[in-house]
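Below is one structure, written out as structure tokens, with a few remarks after it.
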Amino acid sequence: MAPEGGKHGGRPQKKLKGLQRLRWWCEVCQKQTRDENGFKQHTLSESHVRAMQIVAENPKKFIEGYSKEFQHDFLQLLRTSHGEKPIHLNRFYQEYISDKTHVHLNSTKWSSLTEFSKYLAREGICRVEEKEDGIFVQWIDNSPEAIRRRDLVQRANRLEEQQASEEKEILQQVERARQSKAVSTEPEKPAELAKEKWTDFSLNLKSSSNSPKPTISTSQGKNNEQQDHPPKSADKPVKKPNVFGMKRKQPSGIKATPEPPKKMTEIERIMKEDMERKKRRLVK
């Protein structure tokens, strides 16, 4: 008989602490052995043999089940701990295997972690990018709310780009209008200025004796005669009319040209078109 304290004779049994080697782990029996000898003894045990007989009946079913469980736990931890931020694949895998109850990769249909990352990228589950310091994995949120949120962001970005392009086009049109206005406001020729002065003023003051006398209209001549020879029958002196206050008349032989309508400048035209475009958009 064994002494008190059990079959180990009172010696405390050592407990497995920390992670052990993956090669000495039995996924079917969920058992971790300490070394190669312990793993060999476990494979010869009756419980392990019975479990392996059950697995041998349909091995693909068990491998597919382990693969789905591994993928579910892997993605759940990635989503909850890092969200949509990229993280180094090996570093995250160390976080995943820190849980002793996790499904081991060697019991799945993927031969390596790189193959598993390729599968995630091929299925569109994660965004995988290979950089100088290793492979980075990023979870993609494909939920309906996330898709709706991304659509709203894309629409807002497109609207901002459209408004920016319209503002840029308006500024370019204003700049072109300013340049064309600067070109059109050049100084006119002296002959044209003299002609305009002649058409604007029909009455000129008398100049020196050498200069030619200005032409005076018939109505103005009659007024001057009345000023030089006032009527004798009038008791009071007649008030002289203000020649400069009288209505100006065009010289004989020159027809009065109607004033052309005021032209709309390019800036005013652009502002008017912009206001009409905004009104049509509000009506829609």
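Here the Cβ of each residue, glycine as well, is placed from N, Cα and C on the backbone.
Note: TrEMBL annotation is automatic and uncurated.
In TrEMBL this protein carries:
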- 50-175: domain 'DNA/RNA-binding protein Kin17 WH-like' (DOMAIN)
- 149-177: coiled coil (COILED)
- 177-284: region 'Disordered' (REGION)
- 186-199: compositional bias 'Basic and acidic residues' (COMPBIAS)
- 202-214: compositional bias 'Low complexity' (COMPBIAS)
- 215-224: compositional bias 'Polar residues' (COMPBIAS)
- 225-238: compositional bias 'Basic and acidic residues' (COMPBIAS)
- 260-277: compositional bias 'Basic and acidic residues' (COMPBIAS)
Who are the chain neighbours of the coiled coil (149-177) in space, where the CB to CB distance is under 8 Å and they lie at least 6 residues beyond its ends? 265-267, 269-270, 274
Model confidence over the coiled coil (149-177), as mean pLDDT, sits at 86
